[in-house]
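What follows is one structure encoded as structure tokens, with my remarks underneath.
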Amino acid sequence: MRLRKRRDTHQYLEQQKNSVILQAQQYKGTWHEYFGNDHPIHVELGMGKGNFISELSYRHPEINYVGIDMYDELIRKASEKAIETHQLQEDGHIPNLALTLANINRIEDIFAPNEIERIYLNFSDPWPKKRHAFRRLTHPGFLYKYADILNEQGIIQLRTDSVSLFEFSLNAFANLGLRMYDITLDLHGQGTPEDHVFTEYERKFVSQGVRIHQCKVAVGKQALEAHLKRLEEEDGLRPIPGF
Ligand SMILES: C[S@@+](CC[C@H](N)C(=O)[O-])C[C@H]1O[C@@H](n2cnc3c(N)ncnc32)[C@H](O)[C@@H]1O
């Protein structure tokens with residue numbers, strides 16, 4: 001997603017020090033100190049204009065959110081959106097949201113091992129050509145990095161319109177022995193829950209009748225245990241012995 005660049009964007013971002021981070025590396029290992037609490041940290045990789053993360057941070061003050069994108073104009077849009085959503089003044093202070101200009105390729109420079117609890121991958125670029133597969137955000141090269149920075153409760157949530165990216169991702173998760181759950185090929189097929197939080201791309205695709213695919217992946221040990229417990233309690237299911 002590219003936007004027309006406004007001349008004063010750099011200056012704008014410099015002024016939004018309370019919610020915009022231009023040098024994310026300096027917070028590696030100290031994000032809880034940055035937020036001033038020990039609440040869980042949820043991260044959206046490739047947040048675009050920030051609708052999803054602004055809304056989530058507004059609804060969940062008990063969680064800290066970090067939105068990452070590599071285009072400064074998108075960080076600006078996300079900042080404007082967050083100020084509007086949280087109905088703040090221009091100083092943009094939002095205690096539980098950090099909008100971060102950074103490249104996901106170097107995510108290991110931004111977060112320390114076990115520092116975060118959840119990763120949202122919303123409508124990540126599908127990179128359909130085989131020679132570009134390593135750029136897909138669910139390529140094993142990225143999954144190893146995510147597994148490192150996610151904590152014991154760590155999960156990944158993938159949402160996409162792309163059949164090819166979804167198929168590739170399910171295989172990548174399975175190949176690394178990760179447990180997928182809540183898999184759906186048509187997230188809005190049975191109607192959209194009232195409290196659903198849309199991303200910009202999702203809203204556009206849903207209005208065009210495009211099906212949205214979603215799955216969650218338990219990465220941390222406790223996330224997997226919690227998932228297995230839910231299966232047993234709600235559906236009476238236990239893993240087949242030996243698997
Ligand atoms: C297709 S858009 C989806 C935006 C938003 N998540 C949504 O669902 O509306 C993908 C976003 O990922 C960002 N992105 C892609 N690769 C990235 C990278 N390596 N580092 C940071 N951001 C990246 C792009 O700039 C773009 O904003």
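Each Cβ is built from the backbone N, Cα and C atoms, and glycine gets one as well.
Nobody curates TrEMBL annotations by hand; they come from automatic prediction.
As given in TrEMBL:
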type	residues	note
BINDING	E44, D69, N103, D125	S-adenosyl-L-methionine binding site
BINDING	K129, D161, T199, E200, Y201, E202	substrate binding site
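Feature map: TrEMBL annotations on the structure.
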| residue | record | Cβ contacts under 8 Å, 6 or more apart |
| --- | --- | --- |
| E44 | S-adenosyl-L-methionine binding site | F52, I53, Y65, V66, G67, I68, I119, Y120, N122 |
| D69 | S-adenosyl-L-methionine binding site | G46, M47, G48, I75, A78, T100, L101 |
| N103 | S-adenosyl-L-methionine binding site | M70 |
| D125 | S-adenosyl-L-methionine binding site | G46, R135, R136, L137 |
| K129 | substrate binding site | none |
| D161 | substrate binding site | F123, Y201, E202, F205, V210, R211, I212, H213 |
| T199 | substrate binding site | G48, N51, F52, N122, F123, R159 |
| E200 | substrate binding site | G48, K49, N51, F52 |
Among E44, D69, N103, D125, the record's S-adenosyl-L-methionine binders - longest CA distance, Å: 14
DSSP three-state assignment for K129 (substrate binding site): coil
C-beta crowding around E202 (substrate binding site), within 10 angstroms: 24
